[in-house]
Number of protein chains: 2
Amino acid sequence: MSVTAAQGFRAAGVAAGLKPSGRPDVALVVNDGPDAAAAGVFTRNRVQAAPVLWTRQVLTDGRLRAVVLNSGGANACTGPAGFADTHATAEHVATALGVGAGEVAVCSTGLIGVRLPMDQLLPGVTRAAAELSATGGGLAAEAIRTTDTVSKQAVRTSSGGGVVTVGGMGKGAAMLAPSLATMLVVVTTDAVADAATLDRVLREACRTTFERVDSDGCLSTNDTVLLLASGASGQSLPEAELTELVTAVCDDLAGQMLGDAEGSTKTISITVTGAASEPDALEVGRAIARNNLLKCALYGKDPNWGRVLAAIGTTAAAFEPDQLDVSMNGVQVCRAGAPGESRDLVDLSGREISIVADLHAGDAELTVRTNDLTDGYVYENSAYST
Amino acid sequence: MSVTAAQGFRAAGVAAGLKPSGRPDVALVVNDGPDAAAAGVFTRNRVQAAPVLWTRQVLTDGRLRAVVLNSGGANACTGPAGFADTHATAEHVATALGVGAGEVAVCSTGLIGVRLPMDQLLPGVTRAAAELSATGGGLAAEAIRTTDTVSKQAVRTSSGGGVVTVGGMGKGAAMLAPSLATMLVVVTTDAVADAATLDRVLREACRTTFERVDSDGCLSTNDTVLLLASGASGQSLPEAELTELVTAVCDDLAGQMLGDAEGSTKTISITVTGAASEPDALEVGRAIARNNLLKCALYGKDPNWGRVLAAIGTTAAAFEPDQLDVSMNGVQVCRAGAPGESRDLVDLSGREISIVADLHAGDAELTVRTNDLTDGYVYENSAYST
């Protein structure tokens, strides 16, 4: 159900012909209200796709009535003509729904540097608008897939009396910054919440979920996460509780993305403990997550902890090299910067791998998630343009 | 001839049994003088191997009589015991040669986190000392190979009357910072030059060669580049001329390393023009060189210039996204941040690929070199520990 699990939302997914495969490639999500509050978080890449530029702009008033998403083309690095295409798409949605174009967000994903075939996209939008349904969340989630092998959907509900629902869909084996490929996420809720609250909730949810997934260190031009509230439940939640629900949905989607990362065979959680600060812990976690040599070794089921230390050594975090401890799947293979228990005790045969690096420099701690680097990844990213 | 091309040097390479394959794994280079001036440049990784710690220390007085190098073990993350092993190795060389241990540099490469088998290494050093020869440069270059498929050697001579020679050997498909695997380089010259001059010459030579090769973004714990001067030619050169010769040798070695990078099929030069400053140009060049998605695309002969722009966008360099130009093998596929000439015109079938990115933000320009990301790289780094 994903984006239509919460009351007040309809969605659709159709095949407009943007993908050579003929699979669904246009999704539409509509907020029927009564509220139209919304917030967004976007890529930090300075080269931003036209739909990112457009959606940032329309979100300045904290209102959205609809989100139109397409796969089959990123509409990035397409110049003023590409921006005009995004604008025309939003106008087309607005006309079909009887709302203002300034209430329509646009998200695109696919190859960079190619114009979208508007003669296929706009009729597709018309069809999607005609097929909107309160059970259309699954079809919408299908339509935003690119190299995803499965659609990603998640739903959570509040535990109190008047039930509030949060649902979301996502695409990408990715993170917000950086990403393996474009990550697009739409989260909807029927809670009553104003735009300022949604903005705080969404930023906090992203910070501890998508922002801590680092699949391949590459930051997309199109990453977008949107949160829409219809208020249709008539219920408002304490901000902390709403944050918890939205975070749970984002965390679930992030995990699904990693589990489906291009060519991956391992899902790797890297927990940095004993850091002097959270930024230190994050820098170290990311450095480990981005080390190609380590990621290859883990693909090969090799507990090569020296590559973990080599990665830590590239950071500016507070630590002493001779105090570093590293555990892999519960075996402390490195103690005080030197060999600890035998690496032969480490079993890396399963998909889940846990690495714990203790800096012994403070009390801060966090976990970054990544995946391995495989010949499957190389194949998917060399055999055809994405 | 490499390190024995210049007068005043002898070298040897022997098989001590450190490598399971039984191939040569211990090299010795001796400076017979009359001078013993030397300089070194080391990894910036904060986790530094015992031989790096040792060699930095003995180089503080700018003198070296010998360099002993071993493959088959990095002696990194081995604690105080590992440092004692390095010290013992230097003492052993000193005794064999009749010099002081403080005049002996040590370099190691191989797996991190494992102690060296001293009962094999020390007898190997004894044999190497017995086999020292003024034509031993080639054998020494062979003995420092790890995953290198060929040894790397380069020689240049001055064009003036009294000839000065600079020769060098290297291992690694790598760079000084960061590196694909440990890079070890020893350069020798028979020029008369003091340690301070050698230090300036070597830093400048590294800055424009090894520092601008970025194979896989991974910074080794063991990277070392040493420059030794015997003064045996009796000639001194203007500093600029010596810098030119040493730079030429380093550039040649850097090119050989890239040409032999693990699993690579493409050698990629990334020239950044129109940058506001050299640091800006370097940041952009490195960001492009480290983009896994681009490196996979180039492996697949796909001129996916959108990934170049996405990489540029992750930097803090001065530029406007709608002014970026990108050429691939002479075809300007991106003009003003939008599609330029057809990507179909780009021929990426050869090994050499040239990418030019013009930031239109100033006059600074430089070139960073890298290679593609292939299933061969994944295989070499996952199938066994390195």
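Please read every residue number as a count from 1 along the shown chain.
Note: Cβ is positioned from N, Cα and C throughout, glycine not excepted.
Here is what TrEMBL says about this protein:
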- A:Thr146, A:Lys171, A:Thr182, A:Glu262, A:Asn381, A:Thr386: substrate binding site (BINDING)
- A:Thr182: active site, nucleophile (ACT_SITE)
What's the number of neighbouring CB atoms sitting within 10 A of the CB on A:Thr182 (substrate binding site)?
28
When you measure from the Cβ of A:Thr146 (substrate binding site), how many other Cβ atoms are you left with inside 10 Å?
21
Around the Cβ of A:Glu262 (substrate binding site), how many other Cβ atoms lie within 10 Å? Please give the count over every shown protein chain.
26
Taking each of A:Thr146, A:Lys171, A:Thr182, A:Glu262 in turn, which of these binding-site residues have a Cβ less than 8 Å away from a Cβ in chain B?
none
Reduced DSSP state (H/G/I helix, E/B strand, rest coil) at A:Thr146 (substrate binding site) is coil
A:Lys171 (substrate binding site), DSSP three-state class -> strand
